[in-house]
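Feature annotations, courtesy of TrEMBL:
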DOMAIN    B:557-587  domain '4Fe-4S ferredoxin-type'
BINDING   B:CYS566, B:CYS569, B:CYS572, B:CYS618  [4Fe-4S] cluster 1 binding site
BINDING   B:CYS577, B:CYS608, B:CYS611, B:CYS614  [4Fe-4S] cluster 2 binding site
DOMAIN    B:599-628  domain '4Fe-4S ferredoxin-type'
Amino acid sequence: MSENKITNILVAGIGGQGVMTAAEILSQTALAQGFDVKKTEVAGMAQRGGVVTSHVRFGSQVLSPAIPPGEADILVGFEPAEALRWCSHLRPEGVIMINTTRQEPPVVSLGLYDYPEDPVGEITNTGIECHAFDAGAIARELGNFKLVNTVMLGAISELLPFSAEVLKAEILDRFRGRKPTLVDINEKAFELGRQAAADN
Amino acid sequence: MSAVPPLSESNRRFMSGNEAIARGAWEAGCNLAAAYPGTPSTEILEYAAHYPEMYTEWSVNEKVSLEVAIGASLAGSRALCAMKHVGLNVASDALMSQTLAGVGAGLVIAVADDVGLSSSQNEQDSRFWGRFAHVPVLEPADTQEAYEFVRRGFELSEQFNTPVILRLTTRICHVKGVVNLGQRQEISRNEGFVKDPARLIMTPGVAKKRLPMMFERDEEVQRHSEASELNFIQAGSDRRVGFVTSGPTYMHVREAFPDAPLIKLGLSYPVPFDRIRQLADQVDQLVVVEEVEPLLETELKAAGIELLGKEILPRIGELSPNVLRPAIAGLLGEEVVEEAPVKPPVEIKPPAPRIDPATGINVFPRPPTMCVACPHLGIYYCLSKIRNTTISGDIGCYTLGAGHPWNALDTTICMGASMGIAHGLDKGRVEADKDKKVIAVIGDSTFMHMGMQGLLDITYNKGNVTILLLDNRAVGMTGGQDNPASGRDIHGEEAMQVDFRKLCEALGVKPERIHEVNPYELPTLFTALRQEVKVPEPSVIITNQPCVLVDHYGAQPALTVDDDKCTGCGNCLDIGCPAILVTRRETVVKPNGSEKELAFVKIDSGACTGCDLCPKTCGPDAIVPLANYVRQ
Ligand code: SF4
Ligand code: SF4
């Protein structure tokens, strides 16, 4: 077989959390770095609070768009239970990055199902390299819950086959055009995410 | 909305399949694109609407959208019509005749099959329509091809005077990949509409004469398919197994078996049998890899080509390299590392844990729910509380009413079916159900799509159904697209707005049986519903608040729960608003000795829009405006 190392990143969360945007930014950065890129999502009726996953694959040539189970290099979990749901998609030497802010769905509020007591612990027990921190809290402290996205990208930025600075520039450029006031705060969010990943 | 993306120094773009199709159509000089939104095809038209050179519209249903496209084609303009698989069932009436009549300028029907069922009532294989309607089928394998094949579709359509089906799947529509773009080429328009009654007035006599033409055309396209570079054999060094692929399965096979010979069918119908025989001669065993139905498999076997297909591959859901690898390993007598899984739709059930089955990872399901403050919440709340009824539901967000906490629906079949099914439930009732009231629930868009005819049937045939017409002025499920109820067109510009009261009156409902209510006013809604189910004739209750996804939805300040007042009764949870969360549960023993479960709640102030629905279910008035609460 040829020397075509493909990087597989699975982004998982809930409709409305910015999963798609994070995957889009990763894809655009990889594209700008000269990779062939494919991105696909399983969203369906996800706008209604369902599970959303986005698959990002890049390398010198990407054929099939979806990441085969057990072959993800990085799992970005925007929510701890979703990280748990998808951790079996990782390759054994893969890395998981988790935002520990919980989002309980109505089926849990109604008492029909239990929210896992310790999703991060369960994942850690499988032996996967797992980093978990409260990205939601960082975002809230910075004043905008939507920053979770940038925090999480900052957190995985050192795990990618291109530099963290390149990824950061891609994020900040998006704001420079549309909302220049948000550039600084996103930069902060990115750095705090990077820091949190190093500390956890 | 942005205009045409300019082609700067690079023509390399990262696009979704749907975006690429819109772009491909625009470049091919297409002048009209029409659709009714449906996952996974919706964005084709959303992107098409960005190109001012193309007239675009949201049609009221797929049959109408195809008719509009046919009209444009006959008028001399290249036309594109897009829909999801179930949409082609609706449009098929127009398709079956047009295939006989032929086209004017190129006519491409982009049909997106929801393989893997991300949001559909069934999984079906639209390639059958190619056979059924004698229409060529193009199957792109990735985004680049999705873009290129639109032009090829127009060309084929014009060359052979036939509509062409561009068959897509979710893994084309919703995959983003790199596409190399070109520029729009205006095609020189012919003289416009050509009068040709012997072709275009489809009387039995005309149809009879057109049939031989159709069979001749089949043969011509068949010869074309044998020679076309859209169908090609790719040599490989490992000749133990060769593959027949079409659409995205080409990519899966190449990834799983980079050294295997294969044939890629871009123009998969009519089938190029000779080319496939050529491949069969080169390999020890031939496997046809196709998603959903064993369509090629049956045809190839009937043509005497020995091969394997669904004997070793799953018939349900999407194929992928990890599904193919173990199946083929088994075929070669190699060790099967992994079971050949028929994967369940992953977004509903978590996949079985692979890392360590002993850990038994199991996470609650997270099914789609209604949105925070959805105007339908109160309606389903009322429906869940009303007794002795049979409730016929419809598709779209309305289907969600069948879930928790409402469990309010008894049927959901297909778009617009709530009307006819309710009528049947009424007319076909047995003695035991004689006191049961029949209620039908339908959305504005669905009503205009296919429901109106059903209502007419009810009134005409003296039915007795209470109809809830939930007008949220958008096609909610697919993301809030506009329709004649929203009063805006595909570009968000002002358009005529339908008057449902008058419409229902025109369809035969008595004016005094039509009520318009605010769905957030629970008592009014309840009263209207109670009153109308008792009346032995058709009634319509129209609700009139917009979908929360539309950008002009007016949110109010959030509410909060006063912990001192909340008794933990949990009544507000029955509304089903996702912004209401349980903070703690408690079991208390009542004076009579029985146990009671209490659930104390809070409101996620970041999500709550202050719709003021949940306070109406709260006895002790514990739900109060956030500002007031803080001030106290
Ligand atoms: S007022 Fe109640 S029902 Fe309405 S959005 Fe807020 S929490 Fe949900
Ligand atoms: S309905 Fe009122 S009292 Fe009952 S749980 Fe909800 S907020 Fe508390």
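Cβ coordinates come from backbone N, Cα and C, glycine included.
Automatic prediction, not curation, is the source of TrEMBL annotations.
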Could you list the residues of the same chain, at least six apart in sequence, whose Cβ is under 8 A from the Cβ of B:CYS608 ([4Fe-4S] cluster 2 binding site)?
B:VAL372, B:ALA373, B:ALA558, B:LEU559, B:CYS577, B:ALA579
Among B:CYS566, B:CYS569, B:CYS577, B:CYS608, B:CYS611, B:CYS614, the binding-site residues whose C-beta sits under 6 Å from ligand 1
B:CYS577, B:CYS608, B:CYS611, B:CYS614
Secondary structure composition of the domain '4Fe-4S ferredoxin-type' (B:599-628) [DSSP: H/G/I, E/B, coil]
7 helix, 8 strand, 15 coil
Count, for each of the binding-site residues B:CYS569, B:CYS577, B:CYS611, the other C-beta atoms lying within 10 angstroms of its own C-beta, and report the residue with the smallest count.
B:CYS569
What are the helix, strand and coil residue counts for the domain '4Fe-4S ferredoxin-type' (B:557-587) according to DSSP?
5 helix, 11 strand, 15 coil
Smallest number of other CB atoms within 10 Å: among the binding-site residues B:CYS566, B:CYS572, B:CYS614, that is B:CYS566
Quick one: which residues besides B:CYS566, B:CYS569, B:CYS572, B:CYS618 have a Cβ within 8 Å of the [4Fe-4S] cluster 1 site's Cβ centroid, in sequence order?
B:VAL561, B:THR567, B:GLY568, B:GLY570, B:ASN571, B:VAL601, B:CYS614, B:THR617, B:GLY619, B:PRO620, B:ALA622, B:ILE623
Of B:CYS577, B:CYS608, B:CYS611, B:CYS614, the binding-site residues listed, which put a C-beta under 6 Å from ligand 2? Please answer none if none do.
none
Roughly how many Å lie between the Cα atoms of B:CYS572 ([4Fe-4S] cluster 1 binding site) and B:CYS614 ([4Fe-4S] cluster 2 binding site), rounded to a whole value?
5
Summarise the model confidence on the domain '4Fe-4S ferredoxin-type' (B:557-587) as a single mean pLDDT, whole number.
93
Might you list, by sequence position, any residue in that chain lying six or more from B:CYS618 ([4Fe-4S] cluster 1 binding site) with a Cβ less than 8 Å away from its Cβ?
B:ASN571, B:CYS572
What Cα-Cα separation, expressed in whole Å, is found between B:CYS611 ([4Fe-4S] cluster 2 binding site) and B:CYS569 ([4Fe-4S] cluster 1 binding site)?
21
